[in-house]
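Engineer: Residues annotated as active site, proton acceptor in Swiss-Prot: 515. The annotation FAD binding site is assigned in Swiss-Prot to 83, 84, 103, 120, 121, 129, 194, 382, 390, 515 on the grounds of similarity to another entry. As annotated by Swiss-Prot, glutathione binding site applies to 83, 178, with the evidence given as similarity to another entry. If you look up Swiss-Prot, you'll see 254, 257, 260, 277, 283, 341, 420 marked as NADP(+) binding site, on the strength of similarity to another entry. Annotated region 'Disordered' per Swiss-Prot: 527-552, in sequence order. The transit peptide annotation in Swiss-Prot covers 1-60, and the record cites sequence analysis as its basis.
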């Protein structure tokens, strides 16, 4: 592996992939038990085994290192007004605590001196990215409409500057809503960079604030490997706010950020090349989903360069960029974007100087209650590199507020967290992949459907949908649900309730479908595509035969 391309484990809070290898199990058991030992499966409970965290001596229900006789400026002082920080501060205030949060001045591109209330998700992550996804999908819909009788006198044109201006206006509106939410909850918002001075003191641009508890919720930042010419590259922050649309763009990375931006720029009619170090995209996702999404993105004109690592970037006299890899050089790019992971934004916060334990990747070590090695200091969200998704940070924030100010020690619940990739076609899923399920439980039944959606029968486009259920052969509990195709995220969100509740395949079979929809396929798949057994070869095919008739 090219050492320059070593990617941090941390992902965005918007990330759909559970960090490291969060696995789903069905019975509480000691961490000392071998991970390879199959576990008995309850029909009603799915719990997750998150990456092991340090267990500290001081528990959540104690005074947590606070001096009961001391007077503090605030009960809770939060560094970072992103999704998790705002949620924790607001709930703390609702529970009767005095609360303050500090945040850097607003900017669409983050830096050591800029940030903004709302954090990555609102300003340079989930929200603006989804708006650009919407914008890019219209070109495909224009193509689809021809088969339904629509005709256009001229080719529709896209105005990039209008999109970015409208997007930025929406971000300002949302940031204002976040500020008002804090104000209405009685949370004091302080603009500036926070740094921890001691276990109960935060310095914000030279002014000191004392707090009974300090919460670190600073999120993460994009990571670009240190290669010659890296100054010519852009990251995901910049890609959301470019002054002009790329004509030809290289996207380095095979994760969800890379695929989402590949779909965005492809839909906006840029020439898109994706360079990945491995043979496949989306490491950690279900293998069939990985294959299906790459194949369908390629059909839309995206060119994948597999097993290629960047070596250098050069700039020609005409301003065009060239990307040199271990296999050769591709020239003529207007932009080169790196989507090679994110790192916890914990540098220069004063953590180590006050005794907070920080991992090699910069993530803050916490226990099950989000408490650090310093009893009065806590951390949530991407800064801890647990499960880096916005809804998870929100959950962690509420759990923390309950633990500290509601006399209700609460651990975040990482069971059956659904996730999505807003690629084109999009991906949605919840629970175990087939590979994880086979490793943990041995005997599983796999149900798949690969079909042409109804809309494609008239559009004439090569769009397809892939859907998959993974079921325990022993108990009939549905362990995982995965989909790639239109509305996958929306469909997966609904089924996530059932997966977390521990529903069985029989429960799915007993549910009446809504016709005609793609979602009904999840409750009409009756025959396993294959049966995977621990002590014998798999029975069946690696993929289902394509169904030529939509709605079947």
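Cβ from N, Cα, C; glycine included.
What's the neighbourhood like for these features in this structure?
Structural biologist: When secondary structure is read from DSSP and collapsed to three states, residue 515 (active site, proton acceptor) falls in the coil class.
In the three-state DSSP scheme, residue 83 (FAD binding site) falls into the helix class.
Every protein chain shown contributes to the tally, and the Cβ of residue 83 (FAD binding site) ends up with 31 other Cβ atoms within 10 Å.
In this structure, residue 341 (NADP(+) binding site) belongs to neither helix nor strand by DSSP; it is coil.
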Engineer: CB neighbours of residue 121 (FAD binding site) within 10 A?
Structural biologist: 26
Engineer: I'd like to confirm something. Which of the binding-site residues, 83, 103, 121, 178, 194, has a Cα closest to the Cα of residue 283 (NADP(+) binding site)?
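Structural biologist: It is 121, whose Cα lies nearest.
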Engineer: At the level of the C-alpha atoms, what whole-angstrom distance separates residue 121 (FAD binding site) and residue 178 (glutathione binding site)?
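Structural biologist: Between the alpha carbons of residue 121 (FAD binding site) and residue 178 (glutathione binding site) there are 12 Å.
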Engineer: Closest to residue 83 (FAD binding site): which of the recorded positions 254, 257, 260, 277, 515, going by Cα position?
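Structural biologist: Looking at Cα distances from residue 83 (FAD binding site), the smallest one goes to 257.
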Engineer: Which entry in the list of recorded positions, 103, 194, 254, 283, 515, has its Cβ near the fewest other Cβ atoms, using 10 Å as the limit?
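Structural biologist: Counting other Cβ atoms within 10 Å of each of the recorded positions 103, 194, 254, 283, 515, the minimum falls on 515.
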Engineer: Fill in the CA-CA distance, residue 390 (FAD binding site) to residue 420 (NADP(+) binding site), as an integer in Å.
Structural biologist: 12
